[in-house]
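Asker: Please see the structure below; I have some questions.
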């Protein structure tokens, strides 16, 4: 393990919810929940204000509504989240060529590899500057952990939340880890934690005291060896730049089981088109098409077909997905469908036979009711108004959907740069109201530095956790 705290872990604070608060002045400082809003929806993330009421990620949306009935419930805007994530990742790549993204809002950075830090002092300066740059470019906050290993850097960033920085000086790792619960260590979930608790082991220090042989006896060879090493603060894993994408996929869960076989086919076609758009956006193609079907009884079936060469042609992917669907019995009802592409490559091999078959497969898609929804501009009566999504009115300007139903849609007219806006209600087919693209969170920027027009978002009134390290082993800083 290295001798300087030059591995940085960044975790954006309540990322999806923070984006929504930054773009909607009326939601700043309020409880915000982002996720699927149907009866089977789950929470993707929530603001710290919502966490005070017990709401958390992966919770069923119905339970979240019971805990926080007055929160704002919004449909995710993934394209906006990806765009902001790329702004953050560009800032990380300015620090080092070794950036390991873990998700849209989380990444490791090897500061030593880029010359950005060589010791604790320069690492702290780099982490502080990064947090300032993220706030300037995106208007959002992120928490930074600095340590000599990936495991410790991630533990430090958790302790820094929200909007803080924690540095673990080399030589203090064991003292910092010992009083922490076993669940602090990566790979220790509820089952392993309960198993250790029944053996009288509840802290990381007690894991180290138990010894490697006892841990192997309790947990098996691989897990026992790994857990013992982590308890001793040993972690030699390097930061791996831009881990290779293995597959691209999309899926939808339906509020009501689909029984109509024709509609199932239409949904599979739409998913295939969405998957190809994501594939092309990444500059990739693939040769293995995968269909996922979750039936009414929660049984999940996966079917795949490998083509003769990579493709990014929507007709080819649609036809392959349709063939796979032919082998699946859906008569009892379908609650989830997914289409994916694996065997990825950065080039496309033309397959004339598949292309010709795909052209034929496209013809039925032009019939009413079977064309993918995104392939044409819907009339006003056909439009959906997802809660939280952007709209524009010809007279009132930019706003977002607060809710819709009973033939009405309610819109709040405000932007990231305005004050709290006024609310108006329209008929869902009002010709002056149209869907709109999201506005940048920071005004007057072009992918670079700028200033949040209405100031930084305030810290939540109630912080979710506090640093539990002992003896001053870690240094914590907040604005």
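Cβ atoms are placed via backbone N, Cα and C, with glycine included.
Just lifted these from Swiss-Prot, have a look:
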type: ACT_SITE; residues: 106; note: active site
type: COMPBIAS; residues: 381-396; note: compositional bias 'Basic and acidic residues'
type: DOMAIN; residues: 7-189; note: domain 'UmuC'
type: SITE; residues: 16; note: site 'Substrate discrimination'
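Thinking about packing and proximity, how do these listed features fit into the structure?
Answerer: Within the same chain, the residues at least 6 positions away from residue 106 (active site) whose Cβ sits under 8 Å from its Cβ are 9, 10, 11, 12, listed in sequence order.
Here the compositional bias 'Basic and acidic residues' (381-396) has Cβ contacts under 8 Å with residues 20, 24, 34, 37, 72-75, 77, 402-404, 409, 411, 413, 424, 426, 428-429, 432-439 of the same chain, all six or more residues outside its ends.
Under a cutoff of 8 A between CB atoms, and with a sequence separation of 6+ in the same chain, the neighbours of residue 16 (site 'Substrate discrimination') are 34, 44, 45, 76, 81.
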Asker: When secondary structure is assigned with DSSP, how many helix, strand and coil residues does the compositional bias 'Basic and acidic residues' (381-396) contain?
Answerer: 2 helix, 4 strand, 10 coil
